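Visitor: Pasting a structure here, questions to come.
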Amino acid sequence: MAKGLLVTYALWAVGGPAGLHHLYLGRDSHALLWMLTLGGGGLGWLWEFWKLPSFVAQANRTQGQRQRSEERTPPLSLTRFVAQIIVGIYFGLVALISLSFMANFYIVGLPLAVGLGVLLVAAVGNQTTDFKNTLGAAFLTSPLFYGRPIAILPISLSASITAQKHRRYKASIGSETLSVRLYRLGLAYLAFTGPLAYSAFCNTAATLSYVAETLGSFLSWFSFFPLIGPLMESVLLLPYRGWRLLMGDPRFSSSNFQEWEKLYKFVSSFQDEKRQLAYQVLSLSEGATNEEIHQRYRELVKIWHPDHNRHRTEEAERHFLEIQAAYEVLSQPRKPRGSWR
């Protein structure tokens, strides 16, 4: 069935940031990308206003025309290449926040997340790329920057270059039912948002702390570039400014530093609460020395070790894990104010 331009514009206006118009046109990869990024932060959604006629024409292209296009290599697109890098970094940041607790995260989890972000952009429209080579480039780059959050950038860059090198048109496939397409999109959406939602709601303090540390390391790296640094700060502050606008406080300070200070105080309050709970778990008063913390930890571990409490295994395991988590929190030195910058 031929796709209508008016229907496409209507869906773009009603549910554009959620990718409804792309779903209508059969551009499932583009629809998923918009679902995960809310229309590319809103900018991509607005920019598409002028691109919708070409999208509709592409969706209505005949089978014969598409088969002939498969014989050529798609032209190099700077926009697609930059988008691959940005989305790869975005996927990597989400993985850092929600999956960094995994064993061998920097070897497996991080390059996989970044590579999938690059592949998603590469599959937008009628183009695609080589799956194995793109992920291979991500996995080969990751060990060179092991343990560093900034590894996201070189991993995304190498994967994007590889994806562009192996770009090609998609092969012709038969049409699928809407239910099958929605099922596949739903699974992909849950796979992306599930771990992030779990970290945000079940481990809020640790998630906020890690977000602050990750953003701090990125801003420190971009501080070497006088023009890019302030631009990155402005982009990262957009959600916060939008939240303040929705809360009825549109008065923004002229300095990014003052706004980062407010965010830091908010995150710091969660960190202080986390340390207070850790002191309670170890039955220590605030301000205990490192020797007292270590000694109390050793005593409680001996008491609640599961091997010593076989008659109440579940209770012992719960206390044992709480003690370990509390000791890990108190073992980390408190960072001085402003060190995150």
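Using the three backbone atoms N, Cα and C, a Cβ is placed for every residue, glycine included.
Note that the structure is a prediction, hence the values are computed from the model and not measured.
Found this in TrEMBL, in case it helps:
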type	residues	note
TRANSMEM	6-25	transmembrane segment
TRANSMEM	32-50	transmembrane segment
TRANSMEM	81-99	transmembrane segment
TRANSMEM	106-125	transmembrane segment
TRANSMEM	145-164	transmembrane segment
TRANSMEM	185-212	transmembrane segment
TRANSMEM	218-238	transmembrane segment
DOMAIN	277-341	domain 'J'
Visitor: Could you tell me how many residues in the domain 'J' (277-341) are helical, how many are strand and how many are coil under DSSP?
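Guide: Helix, strand, coil within the domain 'J' (277-341): 45 helix, 0 strand, 20 coil.
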Visitor: Are there 3 or more C-beta pairs under 8 Å linking the transmembrane segment (106-125) with the transmembrane segment (32-50), counting only pairs at least 6 apart in sequence?
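Guide: These two stretches do touch.
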Visitor: Looking at 6-25, 81-99, 145-164, which one has the highest count of Cβ pairs under 8 angstroms to the transmembrane segment (106-125)?
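Guide: Between the stretches 6-25, 81-99, 145-164, 81-99 has the largest tally.
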Visitor: Using a Cβ cut-off of under 8 Å, list the residues of the same chain at least 6 residues beyond the transmembrane segment (81-99) that approach it.
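Guide: Sequence-distant neighbours of the transmembrane segment (81-99): 33, 37, 40, 105, 109-110, 112-118, 120-122, 149, 151-153, 155-157, 159-160, 163-164, 192, 195-196, 198-199, 207, 210-211, 214.
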Visitor: Taking a Cβ cut-off under 8 Å, which residues six or more beyond the ends of the transmembrane segment (145-164) line up next to it in the same chain?
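Guide: Answer is 76, 80-81, 84-85, 88-89, 92-93, 96, 106-107, 110-111, 114-115, 117-119, 122, 129-130, 133-138, 213-214, 217-218, 221.
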